Every structure is written in C-alpha cells, then in structure tokens.
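Notes to accompany the following structure.
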Amino acid sequence: MAPSVGLGTEGPVQRGWSLWLASVLGVVIAALFVAARIVQRLTKIGLGPDDYVIVAALVASAMLSMTECQAVVYGYGRKYKDISPENRILARQWFYGAQIVYKIVPTLTKVSIVCLYYRIFAVSKSWFRTACHLMNGFIIASGLAFTIATIFQCNPIAAFWDKTISPAKCFKNEPWWISFSVIQIVTDFALLALPISRVFHLSMTKAEKFGLVLVFCTGGFVTFASIYRATTLASSAGDPDPTWGPIPATVWSVIEVNAGIVCACLPMLRHPFLKLLSPIIGSVRTTTNQHSRSY
C-alpha cells in the first residue's frame with residue numbers, strides 16, 4: 001500500500017487526516033505566537049530564560065508534528081489489517097517517537113511558564129518563590145520520569161512496533177496514559193491558580209490587573225483540552241487496533257501541547273489581547289510603569 005495521509009477518497013477507511021491536519025496547523029499557530037513573543041521581547045527588554053525554554057518547547061512540538069505526520073503517512077489512522085506488514089512497523093515506530101516527544105513538550109512549556117512567574121513577580125524571598133521552586137521541581141521530575149518510562153514501556157523496546165516479537169511485555173495503555181493525563185491536569189490547575197493573587201501586587205491600573213488575570217485564565221483552554229483528552233483515553237486504550245483506536249486521543253494531545261505554547265505566550269502579548277477585551281473591561285491603558293513593562 002502506498003503511503004498517504006488519507007486525504008483522498010480511494011482506498012481503505014482512513015482517519016489519520018485529522019491528526020495530520022491538527023499537527024500541521026497546531027505547530028504553525030504556535031510558531032506564530034512564539035515569533036510574536038520573541039519580537040516583542042527583543043524590542044523591549046531582551047530575552048530571558050522563559051523565552052529560551054518556550055523556543056525549546058516549540059522545537060519539540062515541531063518534532064512531535066513531524067513524527068505524527070510520518071506515522072500517518074505509513075498508515076497510522078487506518079485499520080491495522082489494511083496496512084502492509086512493513087508499513088505497520090514504520091507507522092508504529094514513528095508513533096513511538098511521537099509518544100516520547102509528547103512527554104517533553106508540556107514539560108518544557110510549563111517550566112517556561114514558571115520561569116515567567118519568576119520574572120513577572122520579581123520576588124526574591126516569599127512563599128510564592130518557594131511554590132515556584134517546588135512546582136518547577138515537580139514538573140521536571142515527573143516529565144523526566146514519564147519520558148524514561150515511555151522509552152522503556154516495552155521489553156524489549158522493539159516489541160512496541162513489532163507485534164511478532166515474543167516473549168514481550170508492555171505497559172497496559174489505559175492506566176499508563178491516564179496517570180500522565182491526571183498529572184497534566186493537576187499542574188494545569190496549579191499554574192492557573194498560582195499567579196492570581198500576585199497580580200494584584202503589581203503596579204498597574206485595576207483594569208490592567210483584571211485584564212492580566214483574564215490573560216492567565218485563557219490557560220483554562222489547555223486544562224479543558226487535557227480533560228477532554230482524558231475522556232478519550234479509555235475508548236482509545238480499550239480499542240485492540242493499535243493504529244486506529246488511539247487517533248482521537250492523539251489528536252487532542254497535539255491540540256493540548258500547542259495550545260499550551262500559545263497560552264504561555266499571551267502574557268507578553270497582553271496589550272493587543274486587552275484591546276480586544278476592552279469592551280468588557282473598559283478602556284485599558286497601553287502604557288504602564290517600568291515594573292509592569294519588565295516582562
């Protein structure tokens with residue numbers, strides 16, 4: 001069977017096109033927001049650690065999109081029985097790579113957000129800084145643990161993509177996928193709640209403070225994506241077809257990580273964002289004091 005992304009009408013049923021489309025559009029949109037963020041920073045105060053980490057997250061997201069698209073090209077999204085033996089292995093190999101990179105993208109994005117909190121709120125000694133240290137440590141440790149576990153989820157490793165290998169032992173999909181999803185949802189909520197009280201200590205007008213809170217709250221979409229993805233995991237993990245069943249959860253995985261990158265860039269792009277919200281929050285000044293411009 002010739003590789004394709006399944007956008008045509010001929011051949012076996014294919015739903016990999018939705019993953020291909022989400023992967024391409026998602027990383028392009030994320031790249032536009034990261035580019036706007038970098039330009040804004042370079043024209044004002046220069047780049048910081050949070051900017052470098054979000055660029056690394058974007059690079060990882062591009063790698064995720066590439067691996068997902070290649071998996072689709074070789075049959076991921078088709079019924080397993082409709083794929084040639086050679087393409088079955090290739091599709092699963094690319095998907096194996098995508099699973100590893102998927103653990104890295106949200107880890108880097110969330111580390112970037114915590115680094116941004118350090119920069120915005122500029123606190124040297126406080127409960128907030130301690131909370132940021134603890135949050136960063138947990139995000140990095142859990143991300144690293146799940147990345148390593150993903151690499152070695154099958155013994156031998158090649159059993160993930162070659163189902164003819166015997167004897168072999170692999171993790172059960174459902175508890176494995178759901179445990180990572182739960183950690184993502186919990187850290188999403190923590191990152192949303194952490195900065196809210198600190199915003200009201202910044203030297204801004206009330207309208208600007210309210211607007212900045214709204215900017216942070218847009219991260220709720222990422223939490224929604226994580227929760228919705230979690231609802232698709234049971235059916236995806238329970239489907240015995242390894243190239244057909246996981247597609248819905250995989251699509252939402254791509255949406256989730258790229259939405260995370262976009263939301264991580266919004267605080268730096270708050271002025272145009274607040275102008276869009278001005279009918280709701282009233283007239284918002286576009287000039288703030290030096291402290292509020294420091295991020």
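Just so you know, glycine gets a Cβ as well, placed from its N, Cα and C.
Counting residues 6+ beyond its ends, the transmembrane segment (20-40) has Cβ neighbours under 8 Å at 5-7, 47, 51, 54-55, 58, 61-62, 64-65, 68-69, 72, 77, 251, 254-255, 257-259, 261-262, 265-266, 268-269 in the same chain. The transmembrane segment annotation in TrEMBL covers 20-40 (among others).
Taken together, the residues in the domain 'Rhodopsin' (36-273) have a mean pLDDT of 88 on the 0 to 100 scale. For 36-273, the entry in TrEMBL reads domain 'Rhodopsin'.
What TrEMBL records for 52-74 (among others) is transmembrane segment.
Cβ atoms under 8 Å from those of the transmembrane segment (94-118) belong to residues 48-51, 53-54, 56-57, 60-61, 63-64, 67-68, 70-71, 74, 76, 128-129, 132, 135-136, 139-140, 142-144, 146-147, 150-151, 153, 160-161, 180, 184, 187, 191, 194-195, 198, 243, 246, 250, 253, 256-257, 260-261, 264, 267, 295 of the same chain, restricted to positions at least 6 beyond its ends. The feature transmembrane segment is assigned by TrEMBL to 94-118 (among others).
Non-local neighbours of the transmembrane segment (138-161) in the same chain are 88-89, 92-93, 95-96, 99-100, 103-104, 106-107, 110-111, 114, 168-171, 176, 180, 183, 187; each lies 6+ residues outside the stretch with a CB under 8 Å from one of its CB atoms. Annotated transmembrane segment per TrEMBL: 138-161 (among others), in sequence order.
Annotated transmembrane segment per TrEMBL: 176-197 (among others), in sequence order.
The transmembrane segment feature in TrEMBL is assigned to 209-229 (among others).
Through the fold, the transmembrane segment (249-269) approaches residues 18-19, 22-23, 26-27, 29-30, 33-34, 36-37, 40-41, 54, 57-58, 61, 64-65, 68, 95, 98, 102, 105-106, 109-110, 112-113, 116, 120, 177, 184, 212, 215-216, 218-219, 221-222, 225-226, 228-229, 232-233, 236-237, 295 of its own chain, all at least 6 residues removed from its boundaries and within a Cβ separation under 8 Å. The transmembrane segment annotation in TrEMBL covers 249-269 (among others).
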Chain residues in Cβ proximity to the transmembrane segment (176-197) (below 8 Å; excluding those fewer than six residues from its ends, i.e. six or more beyond): 103, 106, 110, 113-114, 117, 120-121, 128, 131-132, 135, 138-139, 142, 146, 149, 153, 213, 216-217, 219-220, 222-223, 226-227, 229-230, 233-234, 236-237, 249, 256
